[in-house]
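Heads up: the structure comes next, in structure tokens.
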Amino acid sequence: MLKTLFLLPVETQIFYSVLVFSWTVYLWEAYLSCRQRKIYRTTIHVPEELGKIMDPDTFEKSRLYQLDKSNFSFWSGLYSEIEGTLILLLGGIPFLWHFAGSVTARFGFGPDYEIIQSLVFLTLATLFGAVTGLPWSLYSTFVIEEKHGFNQQTLGFFLKDAVKKFAVTQCILLPVSSLLLYIIKIGGDYFFIYAWLFTLLVSLVLVTIYADYIAPLFDKFTPLPEGELKTAIEDMAKSISFPLTKLYVVEGSKRSSHSNAYFYGFFKNKRIVLFDTLLEDYSPLNSAGEPQSDTQSETESDPEETSSETKQKSKKKQGCNNAEILAVLGHELGHWKLGHTVKNIVISQMNSFLCFSLFAVLIGRTELFVAFGFTQSQPTLIGLMIIFQFIFSPYNELLSFCLTVLSRRFEFQADAFARGMGKASELYSALIKLNMDNLGFPVADWLFSMWHYSHPPLLERLRALGNVKQD
Ligand SMILES: [Zn+2]
């Protein structure tokens, strides 16, 4: 059996190895999710250890929410694995490439215009992805998130957002890809160094312009109003010499009532962004008359009245108080102070350099193209796709697992940093509140969480915070 496998042409071996590997990863992850679903299904009482921090009602809500999400991702994962397999088996990639060629030919650009053909190919491929992904994201937002009280979007907002996202992506993707392809074509022997430098430059430019020009296209950012919280955050930033220049609140509540905080920016120009849903006093979800209530769509009556009425019944106050927000930011700034951000950038750039170097070695191998149905031509864009996505996939899986492990270490370190600032007990209660607001389920299968969790499970974080509190 094994012997006949080796007798197959090398192209066939490559093709089926990619397919088998993809299904192996799929089945492994499906197995992990199955273990985790079993936990959701069977852990119906609050474990003793959690009794003090989680009430049975929230525990049950989060259990049902996570169970729904897990079932959904089973079906969406199965769909995308089958879709990907069919695309490969039926030769979808060469088909789309030739189709793109016939489109460009109609406009008078023959097969010599490879970059133009690549752009048409990319546009069609992303359009295909957007269209086939749409029903899934509609279902996730308007059925699952809606059912559990997180969705704040209207259908109109959602669709407008999707169109905008597609347009903005094309505006960035197309010029960047054409320049990259051009660099690879004219770069000579050391093209991979130039290509890597170019992608590095693009990511630096994107980070710089994202906050001022891209993010505001989607969300409203308002400076945090003067007051106690603002002064306290500025003082804290100063105390660890964090170069804070701007402090924003983003209207995350327009999309969803999940809450968060983050910082970004270069060198001496750092900004902090707080979701309005994180701020107890600021969150529109806590103010009366906010037209977000679940019943609004179901009843014809005045939304002002029904929402303030139902809120008292169904929605409890969400978000953290000022001391807790400071503790959350202490954690976030810990990531910066401990060099986690820089370390992540260095890792990703080293990885990108390594991948481009290997790409330079592999791009000349015609059997890789033949394996995926490109017998006549070896377009650079297709080479990038085959090598970065298919050939590197075992390496990508391994890398992403290592990064997840590293991320959990960083989270513990950032928690310890906030603890060092004397914020252990505030962070302790903030983590509990955020977990409740986001309906996180506090019990996890060890194998599932080891593979997927970028943040350590709640209990482990609380334990790490609590132990030192007692010192
Ligand atoms: Zn963190």
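Every residue gets a Cβ built from N, Cα and C, even glycine.
Any TrEMBL annotation is an automated prediction that lacks curation.
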Which of GLU228, GLU234, GLU251, GLU411 belongs with HIS331, HIS335 in the Zn(2+) site listed by TrEMBL: GLU411
Chain-mates of HIS331, HIS335, GLU411 with C-beta within 8 Å of site centroid, Zn(2+): GLU332, GLY334, HIS340, PHE410, GLN413, ALA414, ASP415, PHE417, ALA418
Fewest-neighbour residue among binding-site residues, criterion Cβ within 10 Å, set HIS331, HIS335: HIS335
Rounded mean pLDDT for the residues that make up the domain 'CAAX prenyl protease 1 N-terminal' (37-220): 94
Cβ neighbours of GLU411 (Zn(2+) binding site) where a neighbour is any other Cβ within 10 Å: 21
Rounded distance in angstrom between the Cα atoms of GLU332 (active site) and ASP415 (active site, proton donor): 9
